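*Asks:* Residues annotated as transmembrane segment in TrEMBL: 32-55, 67-91, 111-131, 152-179, 199-220, 227-247, 253-276. Positions annotated as domain 'G-protein coupled receptors family 1 profile' by TrEMBL: 47-244.
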Amino acid sequence: EMAEDNAAYEFTLDELTVEAFFTLSIRGDDRLIIFLWSIPIIYALGANHLVLVAILRCPSMRTIPSYFFIIEMCLCDLTMLYISIFGPLAYTAFRQAYIAEPLSAINFAPWYVYNSCWWTFVLALVIMAVNRLVCTISPHQYQNIFSARVSLALAIGAAVTGFLMGLPNLHSCCYLLWFPEFYSSSYWPADSWYARFDQSFSTSTTGIVVICYSIVLFSLRKTHKMIGIVSGVYVLTFSTWFLLPYTGSTSKWLYSFMTALWFVQNATHPTIALIFNSKVRLWSMDTVRKVDHSH
C-alpha cells in the first residue's frame, strides 16, 4: 500500500524533509523556484508594510478619500502574500508531507481568502482607475463624486463584494487549489463555471482599468509625467498578465513564471506609491528613520 501511495507522488516522504529539501539534487527545481519566488514576496511584504504604516501615521493622508483605496489594496496584498508563504511556498517545498490530501480544507480554504482578497483588490483598483479618470476629465465634480463618505462606502462595498464573489471557492464545484508539481494554482474541476466567470470578469475589469488609465495617460502625458508613467505601468501589466495563461503551454516553468507575476503584482502598487507619491515617500523614510533610532 505504501508503494502505491508513493507511486502517486513525485517524491517520497523521505525526500520531503527539511534536510532533503536543502540537500537532495532531485529537489533542485523546487529550491530554485522557491528562492526566485521569495525575492518578490519579501520585497512586497516590506513595501506594503512601509506604505501602509506611512499612510496611517500621516493624519492628512489617512483622511484623504483616495487613500482609503490604497490602504485597502495594501491590506489585500499583505493578506495574499502571507497566504502565499504558508500555501504555495510551504506546499511546494514539502508536498504531501505538508498537505496529505489535495482536496482537503487546508488547501482550498486559504485560497478562498486569497481569491476574495484578489477580487477586493481588483474592485478597488477599478474604483481607483475611475477615480483618476474623473479627477482628470471632471475635476470640478471630483469632490462631490468621491467624497469621504462615498469613498469609504465604496471601499467597504468592494471588500464585501470581494468576499461574496469568493464564496463559490468553498464549494466542491469551484475549488481553487494549489498544485505543487505544476508550480501553479488552478480551479478544480478545470472546466468549472467559476473558471469561465473568473476569465470574463478579469477581462472586463482589466479592460476598464486599461481604458481609464489610457485616457489619463493621453490627457496628461505632456504635463504630468508621473501620472503618465504610473498609467503606463498599469496598462502594460494588465495587458500582458491575462494573456499569458491562455497560451496553451503545459510547461511548469511557464506556470512558475505566471505565479511569480502574482507576487510581482503584489509589489507593483506599493512600489509605484513609493516612487511617485512624494508624501508617501517622505513619511516612509521618516518611518524607517524612527525604526532605526529605536534600535
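Using the three backbone atoms N, Cα and C, a Cβ is placed for every residue, glycine included.
Tell me what's around each of these sites.
*Replies:* Away from its own ends, the transmembrane segment (32-55) comes close to residues 61-62, 67, 70-71, 74-75, 77-78, 81-82, 84-85, 88-89, 92-93, 183, 256, 259-260, 263-264, 266-267, 269-271, 273-274, 280, 283-284, 286-288 of its chain (Cβ-Cβ under 8 Å, at least six residues beyond either end).
Tertiary neighbourhood of the transmembrane segment (111-131): same-chain residues 66, 69-70, 72-73, 75-77, 79-80, 83-84, 87, 146, 154-155, 158-159, 161-163, 165-167, 169-170, 175-178, 185, 202, 205, 208-209, 212-213, 234, selected by CB-CB distance under 8 Å and a gap of 6+ residues from either end.
Sequence-remote contacts of a segment are chain residues at least 6 beyond its ends whose Cβ falls under 8 Å from one of its Cβ atoms, and for the transmembrane segment (152-179) they are 65, 68-69, 71-72, 87-88, 91-92, 102-103, 107-109, 111-124, 127, 185-189, 192-195, 201.
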*Asks:* Counting only residues 6+ away from its ends, which parts of the chain sit with a Cβ under 8 Å from the transmembrane segment (67-91)?
*Replies:* 34, 37-38, 41, 44-45, 48-49, 51-52, 55-56, 61, 98-99, 107, 110-111, 113-114, 117-118, 120-121, 124-125, 127-128, 131, 151-152, 154-155, 158-159, 178, 180, 185, 259, 262-263, 266, 269-270, 273
*Asks:* Average the pLDDT scores across the domain 'G-protein coupled receptors family 1 profile' (47-244) and report the rounded value.
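*Replies:* Taking every residue in the domain 'G-protein coupled receptors family 1 profile' (47-244) and averaging pLDDT yields 88.
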